[in-house]
Amino acid sequence: MIFVEKSFTHIEADRARMVDISEKNNVLRMARAAGEIVLSAETMEKIRTGTVEKGNVFATARVAAVLAVKKTPETIPMCHQIPITGIDVDLEIGKDSVSAVVEVRTVGKTGVEMEALTGVSVALLTVWDMVKSAEKDETGNYPHTLIRNIRVLEKLKG
């Protein structure tokens, strides 16, 4: 097996820095990310029937995902502020989990995978927040609630 040493573009002499993208061309870019939250059967039924105390779980999670995408550079230090030209948020209810897919588009100098990942993460955290009273056990903990499989599904450039 041959190992190729890779260098990190955001680290120079052990100092983190934002990469200069001034010379890059503006091109159409897209990233799609996904993840899921595992919930109890009782909570899943409340989501299905629209009886969650805090309100519409999916509507709230969609808005939260959009806001998170737009705020990504405020929470990820080396992420560039780029114009977001489109955001799609899809939430689906499964047997024991809710899945989220966030697609982000831009015409810019750098990709939008961090924005898509941030959108998915915040959508799932918002679902958790909306249903946490139903998910808590008698000690106030969440023994079965689990966010998992957050990943980039696709990234396109050009």
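Backbone N, Cα and C define each Cβ position, glycine as well.
According to Swiss-Prot:
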type	residues	note
BINDING	Met78, Cys79, His80, Met114, Glu115	substrate binding site
ACT_SITE	Asp129	active site
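Ranking the binding-site residues Met78, Cys79, Met114 by the number of CB atoms within 10 A of their own CB puts Met114 at the top. Ranking the recorded positions Glu115, Asp129 by C-beta neighbours within 10 Å puts Glu115 at the top. The residues near the substrate site, meaning same-chain residues not in Met78, Cys79, His80, Met114, Glu115 whose C-beta sits within 8 angstroms of the mean position of the site's C-beta atoms, are Thr72, Pro73, Ile76, Ile82, Thr110, in sequence order. Around His80 (substrate binding site), the C-beta neighbours below 8 angstroms that are at least 6 residues distant in the chain are Met18, Ile21, Pro73, Gly108, Lys109, Thr110.
Geometry remark: Met114 (substrate binding site) versus Asp129 (active site), CA distance 22 Å.
Largest CA to CA distance in the substrate binding set (Met78, Cys79, His80, Met114, Glu115): 12 Å, whole number. With respect to Asp129 (active site), the closest of these binding-site residues in Cα terms is Glu115, chosen from Met78, Cys79, Glu115.
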